[in-house]
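Participant: These came from TrEMBL, pasted as-is:
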BINDING   Asp105  Fe cation binding site
BINDING   Cys111, Cys114, Cys151, Cys154  Zn(2+) binding site
Amino acid sequence: MATQHEHSHHEHSGSDLITAARDALVAAGEQWTGMRESVFEELARHERPASAYDIADNLSAARGKRVAPNSVYRILDLFVANNLAMRVESANAYLANTHPGCEHDCIFLVCDECGEATHVDDDAVSGGVRGVAKASRFRTRRPIIEVRGLCETCAG
Ligand SMILES: [Zn+2]
Ligand SMILES: [Zn+2]
Ligand SMILES: [Zn+2]
């Protein structure tokens, strides 16, 4: 995993992203239920990281009945486990994964001002972090690489 994107890497958006997410979940042996689709669509609509509460609120309003944050949370966990969503740890929130068919240790540039989280992939960087951990005989589950600062707009 030293070189970046020597495989065929696809970033998806719009309805194409929904289809890619569904295919990835079904390929993992999980069901693509109506509720899961609603949660994914809602997540994909957010440009900034969204919490389970944000998504539950929006879904409750759209469906005209209360959707419990706990059930949204469980679905988000399932999405993260199956590479359909990514958790931005320092924001305590989630983003739809634009490359659900392709695993990377995604890197986030998180703006302290507006909360925007720019997603980038660099397997050389994340591979380096994994290598450092391995050299310390640490068994890595996943590196969390987040950079805090100001986005281009907020930096003025
Ligand atoms: Zn890729
Ligand atoms: Zn990524
Ligand atoms: Zn910003």
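Yeah, the Cβs are placed from backbone N, Cα and C, and that goes for glycine too.
Keep in mind it's a predicted model, so treat the numbers as computed, not measured.
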Participant: How many Å lie between the Cα of Asp105 (Fe cation binding site) and the Cα of Cys154 (Zn(2+) binding site)?
Facilitator: 26
Participant: Using DSSP with the three-state reduction, classify Cys111 (Zn(2+) binding site) as helix, strand or coil.
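Facilitator: Looking at the DSSP assignment, Cys111 (Zn(2+) binding site) belongs to a strand.
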Participant: Taking 10 A as the limit, how many CB atoms besides its own sit near the CB of Cys111 (Zn(2+) binding site)?
Facilitator: 20
Participant: Do you know which of the binding-site residues Asp105, Cys111, Cys114, Cys154 end up with C-beta under 6 Å from ligand 3?
Facilitator: Cys111, Cys114, Cys154
Participant: Below 8 Å Cβ to Cβ and six or more residues apart, same chain only. Which residues does that give for Cys154 (Zn(2+) binding site)?
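Facilitator: Cys154 (Zn(2+) binding site) has long-range Cβ partners Cys111, Asp112, Glu113, Cys114.
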Participant: For Cys114 (Zn(2+) binding site), list the number of other Cβ atoms lying within 10 Å of its Cβ atom.
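Facilitator: Total other Cβ atoms inside 10 Å, all chains included: 12.
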